[in-house]
């Protein structure tokens, strides 16, 4: 892709995100979401591969439907209450439609079907943007309207997302699809708690973004798209592979790594809200996710050559590693000890 075109699309992405998260009026928020959608489409379809074009088409159709529902719910609310302010969403039907629309934007179950397919058709860099930056505006809108939303609906969708993300990720062999189901599972945790403790959802999202960015950038530097390639990556970058193991375990939420912090706080908050059964269910369902993270980790570090994988070895090239990778991996592994300081911010 032409560098100037890429710069324009990236700037438009940042503009759309900024517009949505900083607006108080529904029309401005909707305009930001539309700018976001239109600017990511060329980045998805840039390889001109049929799968990439298909992914871009699917993404456009789903996002257009979701944006229409956002506009419809805000117009219905304005019709009933006379308010266009995002925080003044009080009409019950509008709130339900908005929840469905933002769930489609995020890829929460049962509106998750498009996300793994779109991620599979994109490059790893575009997949990183789709999994992190593109989720930020809808999460912000959920955060701003959280007081008006239906808790039962969101908790049900949250549990369903954790279950779907865990079950459907088990038999995947493509790393992008595994990361897509991982994203659905993490969003389930966020949806479960957003009505009860919205700031905790944002903390979870920030930490999820950092850990996912570390994983995607590592996979991109090792040029790994499927598990069989990951099995031979150990010979090229042994140190990065071994640190990658810890990053995956952090994403799974194992103590004493950073990923344990949001899960621990969410379980604690659910227990305070007399929702111990919900806490138990999401904790048990997250074990499914732990299984496929361990599978990735096993392929990355424990499967040493020689083995029976029919795969061509890649050249060992001593190219420099992206400077962001060590920074993100350090954050992904070492934030738990400063959790008291993080809690004072919440």
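Count begins at 1; order follows the chain as displayed.
Positions of Cβ are set from backbone N, Cα and C atoms, glycine also.
Just so you know, TrEMBL annotations are computer predictions that nobody has curated.
Here is what TrEMBL records for this protein:
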| type | residues | note |
| --- | --- | --- |
| DOMAIN | 23-288 | domain 'NADH:quinone oxidoreductase/Mrp antiporter transmembrane' |
| TRANSMEM | 59-79 | transmembrane segment |
| TRANSMEM | 91-115 | transmembrane segment |
| TRANSMEM | 152-171 | transmembrane segment |
| TRANSMEM | 178-197 | transmembrane segment |
| TRANSMEM | 203-222 | transmembrane segment |
| TRANSMEM | 243-267 | transmembrane segment |
| TRANSMEM | 279-300 | transmembrane segment |
| DOMAIN | 290-343 | domain 'NADH dehydrogenase subunit 2 C-terminal' |
| TRANSMEM | 321-343 | transmembrane segment |
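Between the transmembrane segment (279-300) and the stretches 152-171, 178-197, 243-267, Cβ pairs under 8 Å are most numerous for 243-267. Highlighted: of the candidate stretches 91-115, 152-171, 203-222, 243-267, 152-171 has the greatest count of Cβ pairs under 8 Å to the transmembrane segment (178-197). The average pLDDT computed over the domain 'NADH dehydrogenase subunit 2 C-terminal' (290-343) stands at 78. With a cut-off of 8 Å between Cβ atoms, the residues of this chain six or more beyond the transmembrane segment (152-171) that come close are 96, 99, 103, 108-110, 112, 116, 177-178, 181-195, 275, 278, 281-282, 285-289, 291-292.
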